[in-house]
Amino acid sequence: MQKRMIVALALLYVVVPVLLNGNNYILSLLVSSLIVAGMAVSWALLGNLGGMVSFGHAAFFGIGGYASALLVTKLGLPVMVAIPAGGVAAVLASVFMLPALRLSGPYFALAILAYAHIFKILATEFSSLTGGSAGLSSIPGLPDIFGFNLSSRLGAYFVVVSLVLVFCWVYGRIRRSDYGTALRAMHDSEDATRVVGVNSLMLKSWMLFVSAFMGGLIGAFNAHVINFLEPDYAFNSAWSVLPIVAAIFGGYRTVYGPAIGAVVIYLVDQLVFKEIMSTGHQLILGAVLAGMILFAPDGLMRLFKRKPREARNAHA
Amino acid sequence: MQELLLQALYSGVLVGGIYALIGLGLALAFGTMRVINLAHGELVLLAAYVAYTMESAYGLNPLLSLPVAAIVTAAASATVYFLVSRIRRNRELNSLMLTFALGVILTNGILLIWKSDIRSTSTSFMQDAVQFGSVYSMNSELGAFVVSVFVAIALWYWLSRSWYGRAVRAVSSNRDAAKLMGINPAKVEVVSFLVAGLLAAVAGTAIYSSGVISPPLGHALTVKAFIITVLAGVGSVPGVLLAALLLGVAEALTVTFFSSALQELSGMVLFLVVLFVLPNGLFGGQKRRG
């Protein structure tokens with residue numbers, strides 16, 4: 001496991017940059033796919049650990065982006081301070097969502113969707129602050145650090161790949177901790193878990209906050225990479241749909257599944273599906289999601305893992 | 001001012017009739033199978049596009065395309081049922097994501113076939129104005145409302161009087177007890193999805209006759225249908241009808257007195273307030289969701 005980890009890190013931090021340096025198109029696709037990966041980890045954390053399926057993660061993405069962009073352009077905060085502040089803003093927004101934690105299943109999913117709509121409408125209507133539907137343009141990019149230009153494609157790649165890895169690490173840590181055990185127990189019976197003294201509402205709130213922070217952080221990072229925001233883009237339902245497809249595709253019960261699923265799905269979508277049909281290529285994403293839920297609800301990572309074990313059993 | 005208010009109330013009630021049909025379809029399928037069909041609004045939109053095709057290609061009055069639309073949406077609704085019934089594990093969450101995916105497929109399929117242009121009926125009779133006192137509407141809006149009320153009454157009659165209607169209610173209230181009484185739940189579930197498809201066909205044809213359609217509308221209709229079932233609480237036909245009228249009026253008032261950009265906001269806010277303050281819905285009984 002340790003060895004595999006080192007290989008993966010070497011691949012991500014050395015091989016990929018060396019191979020792709022200069023190929024800006026592929027690099028920017030990779031950065032976008034890793035942004036989706038960050039959203040997928042954020043979604044999976046809430047969906048798997050918290051047991052709450054959200055249809056409105058675009059809310060966190062959009063709020064993080066807007067908060068960070070406004071802090072930089074209106075208050076002159078440094079970009080590297082504003083990006084985490086975007087995450088904090090998403091957490092503050094998620095405080096308004098706390099009543100939704102009482103709900104379960106479809107009621108929670110659609111309550112979050114309602115919040116995403118409401119935030120989108122607010123971003124459109126508060127045009128004095130947000131620029132309305134015209135949006136915010138010329139948002140400053142990432143700064144230079146130690147002479148290395150983070151706003152280059154390669155710089156953005158290093159930042160986002162580190163963010164996604166940290167997200168996965170946090171996700172894994174929470175899952176292995178006592179909180180993770182309690183959250184897993186809550187899936188089987190929330191009432192029984194409460195009886196043994198677990199404050200389930202508190203735990204769910206924390207999962208919502210962590211998930212919101214991740215979503216906001218990634219949204220803020222994205223705003224400084226593309227230097228432009230408008231409500232239709234920042235709160236686009238694609239930011240809610242893609243992470244779900246990615247997480248289900250990769251296996252949202254695993255730690256790295258959502259991130260890997262996101263990179264695969266996004267790159268295949270952009271490089272293959274979009275070439276085949278320029279409009280409506282989300283159709284294939286929908287088909288992938290439906291197919292995964294019907295035939296492999298545990299995701300592709302599980303399929304790969306199961307195969308060797310079955311082969312071994314066959315020999316024995 | 002007073003005239004504006006009256007007009008807003010009138011328009012809201014008329015559109016609420018159509019919303020009621022969509023909400024009833026969603027509530028029916030939810031009742032028997034405990035599945036929120038997040039592709040239901042897309043089914044309604046599919047019916048609307050069938051009406052558009054029949055009108056633009058064969059010059060048919062939208063009303064005459066209803067049989068074709070009914071066959072298409074009933075078949076699509078049955079397909080949704082068969083796919084959902086294949087889910088074995090964790091049905092509540094997985095069916096939610098499956099029907100969500102089916103909605104994405106339908107929306108993009110519609111986008112591919114009919115393009116993203118906004119369509120509306122070209123039959124002039126539909127758009128002619130009809131006046132009652134100081135309030136106006138189009139012929140089609142009034143007609144759609146009347147038809148919706150009749151269909152809702154027919155549905156209520158079917159649910160309370162016919163054998164299958166009673167079976168649907170029996171399965172909704174207690175699946176195991178219904179089985180013991182010799183009801184095959186799978187068959188009843190198919191029937192409830194077929195009827196939901198028929199309701200969607202009527203609603204879709206009505207929407208096409210009285211308004212404009214475009215691919216993103218399906219998702220918006222799904223959300224409205226869900227809001228209605230939440231407002232209504234545990235499903236009864238009159239409850240859904242009242243909740244739909246309430247949503248229609250709330251939207252119309254928002255558009256008239258604030259801005260049309262806020263139309264969806266009113267429904268969302270109503271939805272959240274009812275969810276948090278009255279978790280059983282406005283007309284709900286004992287059951288709690290949560």
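Cβ from N, Cα, C; glycine included.
According to TrEMBL, the protein has these features:
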type	residues	note
TRANSMEM	B:6-28	transmembrane segment
TRANSMEM	B:35-52	transmembrane segment
TRANSMEM	B:64-84	transmembrane segment
TRANSMEM	B:96-114	transmembrane segment
TRANSMEM	B:142-159	transmembrane segment
TRANSMEM	B:190-211	transmembrane segment
TRANSMEM	B:265-283	transmembrane segment
### Summary
Sequence-distant residues near the transmembrane segment (B:64-84) by C-beta distance (under 8 Å, 6 or more away from its ends) are 29, 33, 35, 37, 39, 43-44, 46-47, 50-51, 53-55, 91, 95, 98-99, 102, 106, 189-190, 193-194, 196-198, 200-202, 204-205
### Message
Is it the case that the transmembrane segment (B:35-52) and the transmembrane segment (B:142-159) touch, counting contact as three or more CB pairs under 8 Å in which the residues of each pair are 6 or more positions apart?
### Response
no
#### Entry: Residues from the same chain, set at least six apart from the ends of the transmembrane segment (B:265-283), whose C-beta lies under 8 A from its own
223-224, 226-227, 230-234, 236, 238-239, 242-243, 246-247, 250-251, 253-254, 289-290
## Note on the structure
Among B:96-114, B:142-159, B:190-211, the stretch with the most Cβ pairs under 8 Å to the transmembrane segment (B:6-28) is B:190-211
